[in-house]
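Have a look at the structure below before the remarks.
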Amino acid sequence: MTNVITRFAPSPTGFLHIGSARTALFNYLFARHHNGKFLLRIEDTDKERSTNEAVEAIFSGLKWLGLDWDGEVIFQSKRNDLYKETALKLLQAGKAYYCFTSQEEIEKQRQKALENKQYFIFNSDWRDKDPAAYPTDIKPVIRLKTPREGSITIRDTLQGDVVIENSHIDDMVLLRSDGTATYMLAVVVDDHDMGITHIIRGDDHLTNAARQIAIYQACGYAVPSMTHIPLIHGADGAKLSKRHGALGVAAYKDMGYLPESVCNYLLRLGWSHGDDEIISMDQAIKWFNLDSLGKSPAKLDFANMNSLNAHYLRLLDNDSATSKTVERLRQNYNVSKQEVIYINQAIRSLLVRSETLLDLVQLAQIYLVDSPIIYKQDAKEIIENCDKDLIKQVIENLNKLKQFDKESVQNKFKEIATHNGLKLNELMKPVRALITGMTASPSVFEIAEILGKENILKRLKII
């Protein structure tokens, strides 16, 4: 397959939805697999709802995911002259017509059909009228003259052939009375003008496909290959909504997910390559095809996503993991150079206990010796109920240690536990709570070796 050109065409009316990100990913992978082009089009014809902030959210979301597009971004708001020109050509060819029917009249017809329990298709009285009858005091819309007979077949690579009778397709508006193009016309003109060969999008667009094909045919354009993929659902099987969790790509970034894991997870939501779960971007480009798309809605599962993210976290080298951790810590703390060194020394033990960057950041706070330690509630309770004399004994013994490496510290704690008739883990519970502010953490002996005697004693003396 040669000269493949795909596109991602979001509307800038909010954040970059996770479902839209998957659509972008599939288009990106298909284009890259065939050494083709992946284009970006911003469908901003809805002036009231489109915002610059949403456009920036789309750009930043795609860049964060690593989905780089080819060429310049196309903005529909800057192309109305082309759409208008196309509508006028259809008018001159007798494939479109001026319609002067008001919205109020159309609504009356709709209500009448509802009352009679009839399927409503607007039939304009102006479809075949002589131009001599046109009123001069009303600005008309331009409507497509949809064929009344026959049918349109959507040849979908995933859904199969979907046949829609022309009698169920209305004479849709192409150009509004103010001269601006409708979404339907703009999409078709853009896809043709941009040379789009393959349209891959959510199956919520399937109902639009027949209407768009009617415009393609009227314009004499070749219809691109179409693939309508099932939408993402929540774990309960219902259509994805806010109650199922974060919906925007930026939210997943804020929640501590890595772009590599998000791409891997989205890829597996509706596409498969045998039993492979861990798939790098390079592998995805090599393997991606439309034949392996699923026909059933995929379910968003945070447990699987967390597991994938943990895998990708552990692939990070020490410096990269430290850098990502410190970057987030600095949103709330002044992190010193020495504290960065501590975190870097501890990073491997932190990574194996983390599923997200948020987990990593929380554990890394143990090594912020210049900031007050934050005690979790269960750690507070252990500290409040512990044997204060025992902690004083720990302080005295550790203070005498000349070597403060992991092994020496561990041996000293074993000695203290035996002397007091305690199991080692019984002794370590209050010690861990005091040193880390937590009840579960990396090895206290490792923490002691990294932070050194002075910092450890300082935390123990808080009691």
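From the backbone N, Cα and C atoms, a Cβ is placed for every residue, glycine too.
For the motif ''HIGH' region' (10-20), the list of distant contacts is 42-44, 46, 49-52, 54-55, 57-58, 61-62, 202, 231-232, 240, 246-252, 266, 300: same-chain residues at least six beyond its ends, Cβ to Cβ under 8 Å. Under the heading motif ''HIGH' region', Swiss-Prot lists 10-20, citing sequence analysis as support.
A Cβ distance under 8 Å defines the sequence-distant neighbours of the motif ''KMSKS' region' (239-243), meaning residues of its chain 6+ beyond its ends; these are 18-19, 231-233, 300. Look at Swiss-Prot and you will find 239-243 tagged as motif ''KMSKS' region'.
Residues or ranges marked as ATP binding site by Swiss-Prot on the basis of sequence analysis: K242.
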DSSP helix/strand/coil residue counts for the motif ''KMSKS' region' (239-243): 2 helix, 1 strand, 2 coil
Integer average pLDDT (0 to 100) for the motif ''HIGH' region' (10-20): 92
